[in-house]
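Pulled from Swiss-Prot, these are the features on record:
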BINDING   90, 121  anthranilate 1 binding site
BINDING   90, 93-94, 98, 100-103, 118-126, 130  5-phospho-alpha-D-ribose 1-diphosphate binding site
BINDING   102, 235  Mg(2+) 1 binding site
BINDING   176  anthranilate 2 binding site
BINDING   234, 235  Mg(2+) 2 binding site
């Protein structure tokens, strides 16, 4: 930890006072404070106070954007490719304990020729997060940056494990665990992929998050983002309406999608229940081999259909049918098998 200058102390105190007075921060102020949080420059008491003040008032777009830019600047670098690539990620926190739909969709999309740099972490709120199920499937989630980029180039998918790139998060860990409540860090997770993709399918646990994420991605110059909330899920829903915020070419459009828009009938959410990592790994293995249930295949088809839209495949009904056909070939399982060799 560096010696704190008088200027640093005054600036930090001014920002904290502003937060405690219920005043919003500018993007620059948010970048300053979060840049210093991940350097370990704030005391636990200061950090706890800042996080609670932000949570109680509600984080602004400026604050989220400033925090994202600071955390990306502090992250270990990932060499982003020149070709188009996307991320598919969820906030978690929907408490539904479904199978890992986003992870399966990422693998299927890669087997169809799309490039997916999937950013993820260990589960906090569900039984099995992306990294938990991938580990159970035999994937080395701690592959080096070079290996991850090689996998992205060669087989179309890389897993970027958050803990390996955001080393400064350790400074916030004890406070976050002590608070035992969602903070701005839960909002930031899906936005801080170090590969910095400009295309993203993002699932959120609450419909109230659609607008903040869409507007933040607009500020972050995303080319095409689709943010979804599906009837309580941070995925596209097989059991009801999905609320959507789509950012494209600097404009945000809000609309709803039903299973019928993808060519399907609604299915019960219960059919997607998962469990521990080993159980979810077995389900995903069968699914990627074309031996999953109709409902599981439908969930992956609907989510992958929107992922395909980010790459210019506009007809989501046609996309969903292509995904179902792809699942029957077993090629998605081949892609997973290749991923385990990196």
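Note that Cβ sites are derived from N, Cα and C of the backbone, with glycine treated the same way.
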Cβ neighbour count (10 Å, all chains) around residue 176 (anthranilate 2 binding site) is 18
I'm trying to understand the geometry here, so how far is the Cα atom of residue 235 (Mg(2+) 1 binding site) from the Cα atom of residue 90 (anthranilate 1 binding site), in Å to the nearest whole number? 7
Pop the Cα-Cα gap between residue 121 (anthranilate 1 binding site) and residue 102 (5-phospho-alpha-D-ribose 1-diphosphate binding site) into the table, whole Å please. 13
How many whole Å apart are the CA atoms of residue 122 (5-phospho-alpha-D-ribose 1-diphosphate binding site) and residue 90 (anthranilate 1 binding site)? 12
Anything within 10 Å of residue 234 (Mg(2+) 2 binding site)? Look among the binding-site residues 90, 119, 121, 176, comparing CA atoms, and list what you find. 90
When you measure from the Cβ of residue 119 (5-phospho-alpha-D-ribose 1-diphosphate binding site), which residues in the chain that are at least 6 apart have a Cβ under 8 Å away? 87, 89, 160, 162, 190, 192, 193, 194, 195
Least surrounded, by Cβ count within 10 Å, of the binding-site residues 98, 102, 121 is 121
